[in-house]
Each structure stands twice: as structure tokens, then as C-alpha cells.
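Here TrEMBL flags 35-119 as domain 'Pyrroline-5-carboxylate reductase catalytic N-terminal'. The transmembrane segment annotation in TrEMBL covers 214-231, 258-283, 304-329, 361-382, 394-410, 430-450. What TrEMBL records for 261-399 is domain 'Ferric oxidoreductase'.
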Amino acid sequence: MEIVQERDMSKEEKPESMSLYPLGTAAAPEPELLCIFGTGDLGRSLGQRLLQSGYKVVYGSRRPHSCGPVPQGAQVMSHTAAAQSASVVFICIQREHYGFLEQLAPQLKRKVLVDVSNNLRKNLYPEANAEYLQRLTPEAYVVKAFNTLSAWALQNGPSDSNRQVYLCGNSTEAKEAVTEIATRLGFSVQDRGSLSAARELEDFPLQLFPLWRLPLRLAFGLTAFFFFYLLTRDVIYTYATQKKDISFRIMVSLANKVFPIVSLIMLALCYLPGVIAAVFQLYRGTKYRRFPDWLDRWMLCRKQLGLLALAFAFLHVLYTLIIPIRYYVRYKIAASTIENQTSELDTTIAWRSDSYYSMGILGFGLYVLLGITSLPSVSNALSWREFSFIQSKLGYLTLFFCTFHTYLYGWDMFLRSSYYKWYTPPGYMLSLLVPSVVLVLKLLLLLPCVDRSLTRIRQGWERTEPQDDSQKSLIT
């Protein structure tokens, strides 16, 4: 009887877990439902990405039955029904169509509204789109986010170049909810503060190469200056003094002089601001004072300067490779062969030419290495020490090889008056000014007494005004 009673009680008092699921298993959590207003390219791409990340997606559309294709697994409802079904709503529509949201304000009460819209140009409206949305739905929690990402980036997932998601909003809880979603999608989040920063976020996608403007203007200015400078010296001077037309040399010979000159100057300009910054720190005796604004802007665009310099170096290499197949060169070779002109081997010239080519090859090889390591996918795989070694120490070595390559090209030209056409120096001499100054200043900074003081300053040491004769000087 006792055994029978035990069995009966065991039937009556079964644990809930055993009555619902097998032993050792638990209920799978229900996927969170998110709502998207808008079935355009951005809305579809965002929905596809959310579905791939384990969310359930419902679209709100003004035409639920004829809104076009949506990702497989997503539902389409009216705006009212979709808003009531989810706690987070992505607003993937243009600002001009926000009017109906004011009528949905009761359904959007206490919902998190993620505004992903942008404008066609800056200052198009007196207030940011997100602030306008907050005014239409005062009891909702508006967060500005995802507006700096393209539909392609959302559909294909984050890459090294567009992994960042900026957001802002007045509600901490709402921003945390959006942060969790962005992190689950594989993005990293940067909080820009309250909703008043929305205009700044909306201006981000409208910026056209903000860090490239100065380097591009500089490259264009240098190219134009040296093109007309060399055109005057080589083509116009020859025609004016010898009545000889060599204008055909503009396309290759002249271009192949301009490209390496601009490349070398821009490479030197990548490292000059670092030297100037070190001089400022030595002069001030501290690292805690801001650099001048012009130096800050200069240092921020060093990567762009280097990439443009590398592009000009590539052009120089390509133009050099086609020299043997040029008609003018083949004509000169054929003429010298017919005339049977021969000369004895000059070992000095042989040493000079081989060294010239060797320095050029080594410099270009290091040039390419610097360019490769500046790519985000490569630099992210390097430690800071490795990246600094390549970009700083190997960078200065690259500058030295390229500068030495140019010195070997000129050789003793500076001693011959025939090269100073119309009393102007050759272009290669002008190109050596900036890199030579940078290398000399860097050598001075490497002197033990100077380097020791600079290292102490960069480690946090500050020079104070001497109070008495026992005060130590900066350079010890």
C-alpha cells in the first residue's frame, strides 16, 4: 500500500520541469520582436541583418499588402499594428513623411524610436530630424543611431572600415537598448551624449573626404606648380633658345619628373609635423599643452598625405617602366647604333647608376609596406609597438632611401651652370629641400642629450620655472 501511495503521489506531484521538457533541457528564450517603419533599401537591409542576428522583425507600412519584397521571415502590418507589437521601432523613412507619426503618438508612448534618417545637405531644416521626431512623439524615447551606415554595410555586416555606430539620446535606458542591438549585430557603439548632438551625427554622412581636403589641395598645388615650372625650364626654354620643339616630352618625360618630386615632398610632409611637435614639447618642457590648431590638423591628415605620396610613387614607377618602349627612346637607340658610337666603361657612372636604381627599389618597397600597414585590416592585426616601428622607424628609413635616390640622380648637376636654365635650379633640387630639413632635424632629435629629455617629457615629466640655483636644467 505504501508503495502504491508513493507512486500515486509521484504522479500527482510531478515537478513542472518534468511535465513540460525532458530532463536536462530548458525552454528556449523567445526572440525579441523589433519593428521597422519603412520598406526601402535601408529598411530591408536592416531587417535582413536583424533576422540573421536572431531577432523577429515586423514591418510597418502604409500599404501592408503591396509594399514590395521584404526579407524572408518578416511580417508586414499597418503602422498602428506594428507599433503596438514591439518596444523598439526603427524609423527608416525620410523626414518629409514623419507627419503620420504624430497621429501614432499614443501607440508610440514609452517606445524606443531609433531615427536613422539623413538629409541631402547641411542646415536644410532649423532642427535635427531626431529632435523633430521627439517633438512629434513627446512621450516616446528617441535615439539617433545607424544613420552613418549604408544599406550595403547593414546587409553584409560590419567591416573594419564601418564598424562604428554613433548614437545619442536623452534616455539612458533607451540608448542601452539600442546599444545592445548594435552590439549583437557586430558593431561597436560610441555614445555622443544627449539628443542635441543629433545634428552633428546627421552631418557626418554629408562630409566629403574631410581629412582628404588638405592633402588633395596640397597635391594639386604641388603638381600644378612643378608642372609649369618644369614646362618653362625644359620645353619653353628649349624652344626660345634653340627653336627646337620638344613638346612631345610633356606627356611622359615631364610627367615622370613631376610625379617623383611631388611624391618625395609629400612623404617628407608626413614626418615634418612629428618633428615640429617634438620641438614644441622641448621648448615648452611639457606634453600637456595643446599644439596649435594648424599643427593638429596637419597631424590628423598624415595618413592621407602618405597614401597620396604612395600613389605618385606608383605613377613614377609605371612611367619609368614604359621608357624602353617609347618611340623617342627607340629612335635615339637606333640612331646611336647606326652611327656606331661606342665609349669605354666608366665604373664611376656604373656605381652611381646601380646605386641610384638600388636606392629607388628599396625606397619604393618600403613605401609599399607603409601603405599596406596603414590599411585598417592590417593595422588592426599589429600591436601598437609593431605599428609604430613600421610607420615611424621604417618610415624615416623610407624617406632616407628616397632622398638618397634623388641625390644620386642629381649627382654633380648642381656644379654645372648649364643646368640653371634662366637662372632657375633644377626641379630635383627643389624637391630635396623639405626631406633634407626633416632628416637633419630628426638626427638632431636623436642626439642622446636631446632624446633623453624628450623621452622624459613624453613620460609625463614637466619642466617648472627655476626657484633657486639647485633647480635642474632640462637637458641633463
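Glycine too: its Cβ is placed from the backbone N, Cα and C atoms.
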- Item | Residues of the parent chain within Cβ reach of the transmembrane segment (361-382), under 8 Å, 6 or more residues beyond its termini | 160-161, 267, 303, 306-307, 309-310, 313, 317, 390-391, 394-395, 397-398, 401-402, 405
- Query: Do at least three C-beta pairs under 8 angstroms join the transmembrane segment (304-329) to the transmembrane segment (430-450), pairs 6 or more apart in sequence?
  - Reply: no
- Query: What same-chain residues lie close to the transmembrane segment (214-231): Cβ under 8 Å, and 6 or more beyond its ends?
  - Reply: 250, 254, 257-258, 261-262, 265-266, 269, 297-298, 301, 304-305, 308, 312, 424, 427, 430
